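Data block below; observations after.
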Amino acid sequence: MRAAEAQGALALILSREARLSRGAAVLSVAGSALWIAQAAVIAAAIVQLMGQGGLAPLPAAILLFGLAALRAGVEAVAQRLTQSLSARVGQGLRARLAAHVLRLSPAGQDEDHAGLASLAGEGIAQIGPWVERYRPARLRVMVLSPLILVLTLTQSWAAGLALALTGPLIPVFMALVGWAAEAASRRHLVKQGALNRLLLDRIAALIDLRLLGAVARARDDLARQSADLHQHSMAVLRLAFLSSAVLEFFAALGVALVAVHVGLSLLGLIDWGAWGAGLSPFGGIFVLLIAPDFYQPLRDLAATWHDRANAEAAAAAVDRELARGDLILGAGGAGAPVAGSLVWRGLGVTRADQRIGFPDGTLAPGEAVALTGASGTGKTTLLLALAGLLRAGGEVRQGDRSLDDATADTFRAGLCLIPQVPRFPDLPLSEWLDPGGRADPSAVAAALCMLGVDAAVAALPDGLQTRLGETGGGVSGGEARRLLVARALIAQPAIVLADEPTADLDADTAAAVTGALFSLRGQGTALLVATHDTALIARMDRAIRLEAGA
């Protein structure tokens, strides 16, 4: 993503919190601007002490402390608003990212869970400093520096000229360094995600690594990647320090020129550079007090310049993730079931620039149909398309409704998909088996008993209140598969789409799964089962064979 697009993505992020963003920005500038009023009070008090008229010490002290208290209060409120804005932006982005990931089609999801977790954690967190520090600093540069330049010019055109000449050189050189810092930050973010992925992969494969005697090699890989990440981190920091050095050089030069001019003018050694009769003591002291603050917003901006680069890299990564296709049809919400036969015509899916076509088919209520064919012919893909979990060309209908974004949730309300690889949400087993809590406890117990997993569930640490984890920790692969079938048995849907429900199961377990499926059929549930199991195929009413390249 180009820099302009990344900046547009950041602007869009803030547009969702426009009111809070404006309030924080205004208060941030106002708090810093109060120093100019304080400088005027200090200059007037010093002139009074010099015996040349000005502001008496007592009123000056009252004004000075009053302005200081006001400034502290305004800056405190501004800081609280920017922190609140940062938190809300981060929460909003994570919520959008999570909602998007939940709508990704199973066929479109990759296994880069660590990279996604890194983006949702460290990646989005990098937008916070941009909100809290970079944006207020940028606004102060746009408002305060020109204001101080104008006020300086009203007292001395020579001092104003010194600021005007040195000021523009700072952003020019900072921009040159900043472009390099942005590229380095992008590389750092990529390396950070790669290291997270590598670490998660090695942890998941730790037992295999030990069995293969490859622990030392894995440790060396992690050490090498960590060292590489350290080098990229140091590269970003070097560029950040370089931009600060550029700023400090020109800021010191500008303040020195102003100080020399003011000093020579007040000593009467020069009589040019001011308007009218010459530079007054008040004007000279006032200019000396506010001149360093001409560069302070630029100094603050330089200190947070890498925050912008990091935020743009993170925003680009979030934008790329949110732009990913392969979304399921519908919103994934609840709906009223649809009755009638399931019909598909001209159905086809394009994957990796290759189109997979499927023969037309019909699944009547209570019918049992097998999907057969060699591995790779698209049996799983067809099941996902019929469930609205994969976008496909052609038409899918049930009753008088076509499957699309508006009707997908109602289609899935009366449907149960049994995937080949079980996945469990972070819920107690009882809530997952019966999401609505509508089933009688005896029906849940009967379903577990029919599938032969009642003893396995009872042996879990908390029984039905156990959280199995994503891959079903605590139960075997066969038991996890049977739990999926038990869930369908409890739900009693109108249609069951099952993907290899008896694969890799022993004969007794496969018979239990087959018996449970046909128990559902006996209650009016239609079955569409992708399988290579000849015994299961023989019990079905008919079979639809898929051919490669259809």
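Cβ coordinates come from backbone N, Cα and C, glycine included.
Database features (TrEMBL):
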| type | residues | note |
| --- | --- | --- |
| DOMAIN | 23-310 | domain 'ABC transmembrane type-1' |
| DOMAIN | 338-550 | domain 'ABC transporter' |
| TRANSMEM | 24-49 | transmembrane segment |
| TRANSMEM | 55-74 | transmembrane segment |
| TRANSMEM | 139-157 | transmembrane segment |
| TRANSMEM | 163-181 | transmembrane segment |
| TRANSMEM | 239-260 | transmembrane segment |
| TRANSMEM | 272-291 | transmembrane segment |
**Contact set, same chain, for the transmembrane segment (24-49): CB under 8 Å, 6 or more residues outside the stretch** = 55-57, 60-61, 63-64, 67-68, 70-71, 74-75, 77-78, 81-82, 85, 135-136, 139-140, 143-144, 147-148, 151, 281-282, 285-286, 289-290, 293, 296-297
**Complete:** Under 8 Å Cβ-Cβ from the transmembrane segment (55-74), and at least six residues away from its ends along the same chain, one finds 27, 30-31, 34-35, 37-38, 41-42, 44-45, 47-49
**Predicted model, mean pLDDT over the domain 'ABC transporter' (338-550)** = 86
